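**Student:** Handing you this structure, nothing more for now.
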């Protein structure tokens with residue numbers, strides 16, 4: 001609160017305090033001058049300020065209480081002093097120094113007295129010219145008007161004052177120092193500016209020194225405020241005034257001023273005595289420190305040198321490789337764009353290739369199904385024609401035993417019979433021309449001849465598919481469908497930047513990339529036809545044959561080495577699977593031989609096909625087995641006729657029986673051609689259990705016992721693979737052939753019994769047939785049965801027969 005009261009003090013109060021301080025200083029100066037005057041000239045005039053009555057005002061403790069009275073006394077005394085003429089040395093010296101007073105210098109008492117006398121003399125001589133240009137106005141009136149103008153507006157006209165107004169303290173001081181109207185105004189304006197500037201700076205200093213003001217007692221707030229404000233700066237140094245005033249406040253307040261200065265300690269001049277050892281020690285220490293510093297700097301220098309060399313080498317290496325990296329980046333960007341375009345092209349063309357491939361497979365499947373269906377119809381027609389069993393009483397008159405329209409069925413049978421006989425006649429004529437008629441047996445030929453209409457339709461549809469396939473890539477650049485162009489792109493990548501080529505797994509992607517293009521070239525390829533071209537002679541195979549084969553040593557895990565085996569696995573095997581399931585006819589020895597040769601070639605030449613875990617290989621073998629089982633269930637038929645019917649070798653039933661028997665033997669041979677590809681267990685189940693024991697042995701029992709039966713048995717045994725019996729131990733053959741061995745033993749006994757009572761020639765023929773049976777048993781490693789037959793019929797050449805098996 002005390003600080004806030006200090007801040008609320010008006011500027012006018014500051015002016016009064018400053019004047020009071022000036023009067024106090026004037027009094028001190030006057031006393032000093034009086035002492036000097038008394039010492040020098042005792043008869044000198046009295047100090048003018050004593051006569052002026054200023055001491056009375058200065059000695060007052062409270063300047064504000066009697067301010068008005070002091071001002072009146074000062075004015076009266078000043079008028080009295082003006083009337084007294086003064087002379088003396090002090091006056092003349094002060095008068096002479098009026099012109100040498102420097103600007104801003106505060107005059108002393110002698111100077112003020114001289115100035116007052118000079119002004120009085122000018123009045124008496126009439127040379128004084130008032131500043132106010134209006135006549136009849138005194139200085140007091142003018143000053144009153146100036147004071148009044150502070151309270152009134154500038155636009156109002158000044159009034160004529162008829163009474164003498166009380167002078168202000170500022171005007172009284174101005175009169176004391178001898179400054180008139182213009183000087184008074186100038187003094188007032190200058191003081192006003194100085195007071196305003198002081199007031200602003202004092203407010204700033206008070207804000208800085210607030211904690212010091214609060215420490216003081218309330219009665220000394222004003223004195224301590226000014227004391228703390230001006231204790232460090234002199235009046236002249238703060239406001240540019242050469243004269244320095246004393247600090248504000250009473251002497252008691254001055255004594256209470258705190259000294260914040262720090263005493264400066266003068267350094268001692270005492271020094272440690274210098275000796276040679278001390279100097280040597282200091283020099284040695286300094287030398288050691290410099291050596292240590294030099295050693296550290298040397299290590300740092302060597303480190304920087306090594307770093308610089310490494311950086312230089314790295315820069316050279318990077319500068320040398322920057323060009324290659326730029327070229328590599330450019331090449332890889334081009335390959336990226338090429339591969340993207342290639343994949344977009346394939347995404348559009350591959351569905352078309354799949355459709356054409358499916359259409360071609362469907363075309364071959366229809367032809368194969370038509371031939372199989374024709375063979376099944378011929379067997380049914382012949383079987384029904386020579387069958388002696390019919391139940392006409394249970395059927396309607398116009399229906400046969402199968403519930404078919406008898407008239408329509410007979411017409412179809414006649415047409416099929418005529419076509420069948422015509423085909424047989426053409427085959428017989430062709431055998432006569434080639435000289436194979438004597439060795440041919442009915443039923444061994446494959447009835448796969450087609451009519452001209454079927455051939456024409458097949459060829460037209462195949463040509464249409466081929467024509468469509470040639471149009472697939474007609475709107476595409478060669479670089480996107482030619483295997484050579486595509487291969488050259490990736491070969492360039494492999495040869496230039498093998499690391500990135502390997503990181504991109506291109507070797508694993510190429511088989512899938514070439515897959516649609518290779519399938520398009522294999523569109524009409526089927527190994528079942530004699531004119532079919534080997535896939536290893538095709539353009540795609542020759543183009544990719546040496547891909548990835550370079551002069552330098554290749555890595556073991558290089559995927560490009562197995563490019564062709566992978567393509568064969570992913571393209572050839574699926575196509576063979578479709579052919580085996582839908583096109584291959586197991587009754588056809590030619591197709592079976594070609595199919596077996598193709599699969600065996602893949603097994604021998606491509607290791608990925610042999611792998612049992614290969615999915616495509618497993619699918620191919622499964623398709624082969626399914627097709628063989630379907631043929632065994634649907635196409636094999638063995639008729640049963642009485643022996644009296646079969647005695648006529650020119651009859652239709654006998655010919656039909658022989659044809660079916662030999663077709664079954666042919667099928668047995670076709671099944672056993674897969675030995676080495678399919679497992680022995682699977683083949684034995686299909687060929688021996690499913691075909692020999694179920695159908696062929698039934699025909700043996702109905703056949704004539706003699707040379708014909710032995711010939712048929714030889715044909716059956718000739719179909720068995722020799723490797724089945726090569727590793728057998730003991731005297732017994734494989735378990736599935738036990739029924740066949742027993743039949744051969746029974747055949748030997750029957751031949752022997754039929755020869756009893758016959759001529760010697762017939763007995764000799766019977767004995768030769770028995771020896772032949774022993775040979776057949778020995779050939780299939782049925783030694784126990786061979787020894788039994790030899791013992792039963794007194795055959796002494798057993799060892800020779802077994803060894804000559």
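In case you wondered, yes, glycine gets a Cβ from its N, Cα and C as well.
Note: TrEMBL annotation is automatic and uncurated.
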**Student:** Under TrEMBL, which of the candidate ranges 96-115, 176-195 is annotated region 'Disordered'?
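**Tutor:** Comparing 96-115, 176-195 with TrEMBL, region 'Disordered' matches 176-195.
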**Student:** Which stretch does TrEMBL mark as region 'Disordered', out of 383-417, 418-452, 453-487?
**Tutor:** 418-452
**Student:** Could you tell me which of the ranges 280-321, 322-363, 490-531 is annotated in TrEMBL as coiled coil?
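**Tutor:** Of the candidate stretches, TrEMBL labels 280-321 as coiled coil.
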**Student:** Choose the correct range: of 119-158, 199-238, which one does TrEMBL annotate as region 'Disordered'? Give that range.
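**Tutor:** Of the candidate stretches, TrEMBL labels 119-158 as region 'Disordered'.
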**Student:** Across the coiled coil (280-321), what does the mean pLDDT come to, as a whole number?
**Tutor:** 91
